[in-house]
Amino acid sequence: MSGVLLGLPGPWAEDSREPSDHYTTKIGGLPDWPLPIEALNLNPTLIHCTQCGSKLTLVAQVYAPVSSGTLNIEDRLLLVFGCVTPNCGSSPLSWRALRIQKVENETNEPSSAAALDEPPAASSPVSGSKTNWWENLSDEDDGDLDLEDLSKAFSEAASLSSEPKKTNSNRNSEGAMKHSSLTAQTREVDTDTPVMPCFYTYSQVEPSSKDFASVCSNHLSLSVKEKEADADDHGQEETWEAENYEYDKALNADRTYLKFKKQLDASPEQCFRHAFGGKPLLPTAEVGNAGKCGLCGASRHFELQLMPPLIYFLQEAADACHKDSLENWNWLTLGVYTCSKSCSKSFDKEKSAHGDTWFVVEETVIVQFEKPLNECLQRYFS
């Protein structure tokens, strides 16, 4: 993975239970299973809280294709669930993550997602003839030229050229939500599962550390000049220390947390960070053991983490019942660790009646909470 993709807030859904498709990335709402949930042979316990047994609510759905080294998987998504039962949200046992993936097609047939990126067929009436009629046009043809047909051709060509090519990033936008609209429209709406307010997200590559340092340096330089100018205006002669002193030298500051805070401040609306095989941005130095893949035995590595702004945006639209639940979500980040091979060979079975073979496997969630101030002070003064 060459960089980190940030998930930023987009439009709110008109209805938190509205259906979409599995190419859609969103916060809250209902999960968009690629097949009817019965066809996935989903173990019901995977969507129930390990602590209280209640049905979990979807917190994030992230379309997560993989193109890294020998891996090239289009149909793949991650679902992160949490419990809305009071006092459960503060327990690591109330969070679960599922990887949903299509079994690798050994015939190398293009997937439905890849087909979206194919250009219009050469036999298209406009694309096939848009150059021929122009190249063959001469002054002698002026009298026979059908202006109505010409106008129509121009209109169709303009329409085609104005349609943006679908990519991994814009599949997460509103345009991508229209894909498989027939399936979405015919899907029965689940009225039993608890839901959080739903909004869609779009992806943006995080600036490199070099760019980030440059921005911070410029911001710091400007802050120093503004402070010095303000001091001159008031006739003050005392020296103002640079802001980076506060980050680096404060006695009661955890350096790991401050790095987390600075990078979060650089993009304060980020709801999640995605980097298959990358490094997480952690608020505390202690990292739990992600374990090994239960299917193939490969090590799990970091792929996705949810960030605090996600809670803020949900609180903005939550009703009274949900607000109480969200107040118990006092985590700083939820890290999702997945199979480093993103394996699927264990699920090579006959295709279902729907023509595709999909599987669901649970991955590891590691939760990091904010430490009480007295615990931080004890660490530095003990």
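For all residues, glycine too, the Cβ spot is worked out from N, Cα and C.
Keep in mind that what you see is a predicted model, and the values were worked out from it rather than measured.
For the region 'Disordered' (1-20), residue counts in helix, strand and coil come to 0 helix, 8 strand, 12 coil, using DSSP. The region 'Disordered' annotation in TrEMBL covers 1-20 (among others).
Under the heading region 'Disordered', TrEMBL lists 109-142 (among others).
Residues or ranges marked as compositional bias 'Polar residues' by TrEMBL: 124-135 (among others).
Taken from TrEMBL, the feature region 'Disordered' covers 156-187 (among others).
Positions annotated as compositional bias 'Polar residues' by TrEMBL: 158-173 (among others).
Annotation comment: TrEMBL describes 254-368 as domain 'Programmed cell death protein 2 C-terminal'.
The average pLDDT computed for the domain 'Programmed cell death protein 2 C-terminal' (254-368) is 89.
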